[in-house]
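Written below as structure tokens is the structure these notes are about.
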Amino acid sequence: METSTDHIKVAVRVRPLLPIDKSQDIIVYTGNNSEIRISDGDHYLSSSYDKVFTAESSQDEIFDFVSPILERTIKGFNCTIFAYGQTGSGKTFTMFGADWEINNPAAQDYFERNSISRRRPSTGLEHPLDSPAKQGIIPKSIAMLFNKSEGKQLTYYSSFLQIYNEKIYDLLQDPNRSKALNIRESKIYGIFVEGLAEFVVESTEDCFMLLSKGDRNRAVRQTRFNHHSSRSHTIFQLLLESDKANKRGVLKRGKLNFCDLAGSEKYDKENAMVQDHIKELTQINKSLSTLGKVIYALGSGNTSHIPYRDSKLTRLLQDSLGVSTQTILIATVSPSAGYAEETISTLKFADRARKITIKIKKNEISATNDELILRLQREIQHLKSILNLKRKGGIQELQQEIWELKEENEKLKKLSANATIEEVERLKQENKRLKLSLQNNGFPSDLEGFYVEKNNFENQEKNNLENQEKTENRPPSSSGRSRKESNNISEYGFTNRSFSPSENRRRLCPRCNQPPPCIHVSSLSIEHSASTYRSTNSTDSRYSKNIKIPKNLQVRYRMTNCVIENGGISQEIKDQEARQKEMKKIKERLGKLAELESYRKAQFKMELERLEAEKRRNDEEIRRKQTEDAKRRKILKELKEKVSNYKESKKAEKEEEDKKLEDLKRMAERKRKKRNEDQKRKLQEFYERKKEAMLEELADYEKM
Ligand SMILES: Nc1ncnc2c1ncn2[C@@H]1O[C@H](COP(=O)(O)OP(=O)(O)OP(=O)(O)O)[C@@H](O)[C@H]1O
């Protein structure tokens, strides 16, 4: 396996002075091609890098610096290019292109009080993707790679993510930042973002479309030093996988990461910043500080603990910073005296990065690798089932293909036990053929929404109508940029035709590889697929935050244990299947409901009858009880009468007895009184007699 050791390539780009710069004094001086000096009386720093670009350096010059390394991705090397620098220093300008802000014009507010006049990007500017002179590293690299890999039997996958407030979002699938994605690590894929959409791209235009669409969902804000400041780190990735094994029986895989970092920024003491901005600023500075620590640790050779896991950014760039990736850092600085400290800090960071050495090795996978075969088999099965589904009940001549696919399926079952390189290659080709076949299977494209005329935002709808008419009537254009004139200029403005070989490939029948008409497809359907970029149904808006990825781009998602293929078409078929399943379920549910209803009716009738019988029984019972009650009441009345009679007689008896008792009492009282009086009288008489006796006795005694 081819390996080599290299240090991180570092270039510094000094941007020109801009009206927004705090001071118009220049303190950055560039010497020869690799030296830079800062000197303003308070600060002094002199350092050298692999390359120093001046304010006059063109986008082409920057690209010339990175292109030799980029080319190596085709051979199976990983490569990462990232732009680092303070806010407003020119990172996005370098990575994406000049006037890039017109791609995503809606910057959010920065100031609570609007103390600085706001500037909307001019709509009269040419879009950077339309002009090679304006294009930054990313579009130029894409164009070069597709150009250089022509005929090389490669499959390209493209993804685009942003790290905003320490959360990863898919720029191509998640315009509202609704679902944060997670970083995973596996033996097969290394570090990857689980569930990130990877689109199969076939041309520069496919990539430009994704680039532009994704970027429109990037978080952007007006800051003090940049009217259009990127508030998230973005990584645009191109993955190249070879379809054909080399002589040694290995397949190559090259990964290219373009990373545009959000710029570091100081807290603005003079103006009140909105809360969201303060949060962004804190998160950006934190992740950049972690990046600094990682660079410092790697640069100092102390690899015992590298804090990759302290931020999402460093974790994602782990491969690129430490191992197996050729890395290029473009440090961007402002020449103004107002940013001396930030510039020095950026240069120190770049200097440390330059000290990092990386062991670079080619990514090669044995073609007979079990994982690969399994994945290919799964993909082919999946694609075939989609094709079968798509064609079910449709065109008769495709029955043969279904039969062929079945046969193929049988062969596949035997293959895993006894795989050869040729068979794997054939599988890969079959895989690609099926993907193309799916892409060209007659679905209208809505790429048009992306390729709208760049300079006429306000009149977009009107232009689309005009363009539609032009396509239909094909009159000569006064602007000189009609589709008819060259048949090679997209509405978006790319001067992209005559048809490239990859596009010509698309013009061939996917089954027999012959130009249409053939027994499989009519010229019309092929013409339709070839005119992907010339469709007239425009629905998108440049200001729209909604993503509409064209149906004809296949997409896959890496999950922890598998890769899920999920193209626009397959998604549609899946949706259709889901709808059919739903309908079936609803019908079943309705049938069950009807059964339930009739059962309920019968139950209800029975219940009703039972209730009526019960009611009759109850009525009889009530009547019986009423008669019994009446009888009981009568008896009760009689009894009451008897009782009252008895009571009255008893009362009379008692009164009689009481009277007798009273009489007896009175008699007894009279007797008792009489007896007392008798006794009293007798006692008195006794005492009288006694007294007389005593008196007589006393008289007798006195006489003596
Ligand atoms: N080399 C250059 N030549 C001319 N203009 C430049 C250059 N570099 C940057 N600019 C201009 O400076 C402004 C800020 O640039 P850019 O948005 O690229 O900065 P940035 O580093 O990406 O900032 P942020 O981190 O805030 O997103 C833009 O208006 C851009 O056009």
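Even glycines carry a Cβ here, placed using N, Cα and C.
Residues or ranges marked as domain 'Kinesin motor' by TrEMBL: 7-356.
Around the Cβ of Ser89 (ATP binding site), the same chain contributes Arg15, Gly263, Thr332, Val333, Ser334, Tyr339, Glu342, Thr346, each under 8 angstroms and 6 or more positions distant in sequence. Taken residue by residue with DSSP, Ser89 (ATP binding site) is part of neither helix nor strand, so it is coil. Residues or ranges marked as ATP binding site by TrEMBL: Gly85, Gln86, Thr87, Gly88, Ser89, Gly90, Lys91, Thr92.
Mean model confidence for the coiled coil (395-441) is a pLDDT of 61. Annotated coiled coil per TrEMBL: 395-441 (among others), in sequence order.
If you look up TrEMBL, you'll see 461-473 marked as compositional bias 'Basic and acidic residues'.
Taken from TrEMBL, the feature region 'Disordered' covers 461-508.
The compositional bias 'Polar residues' annotation in TrEMBL covers 487-502.
Residues or ranges marked as coiled coil in TrEMBL: 594-704 (among others).
Around Thr87 (ATP binding site), taking its Cβ as the centre, 23 other Cβ atoms fall within 10 Å, counting all chains.
For Gly88 (ATP binding site), the number of other Cβ atoms no farther than 10 Å from its own Cβ, over all displayed protein chains, is 26. Cβ neighbour count for Lys91 (ATP binding site): 28 (other Cβ atoms within 10 Å of its Cβ, all protein chains included).
Summary of the ATP site environment: with the site residues Gly85, Gln86, Thr87, Gly88, Ser89, Gly90, Lys91, Thr92 set aside, the chain residues having Cβ atoms within 8 Å of the Cβ mean position are Arg15, Ala83, Phe93, Asn226, Gly263, Thr332, Ser334. Ligand 1 lies within reach of Gly85, Thr87, Lys91, Thr92 from the binding-site residues Gly85, Gln86, Thr87, Lys91, Thr92, judged by a C-beta closer than 6 angstroms to any of its atoms. Counting other CB atoms no more than 10 Å from each candidate's CB, the binding-site residues Gln86, Thr92 peak at Thr92.
The binding-site residues in question are Gly85, Gly90, and the one with the fewest Cβ neighbours inside 10 Å is Gly90.
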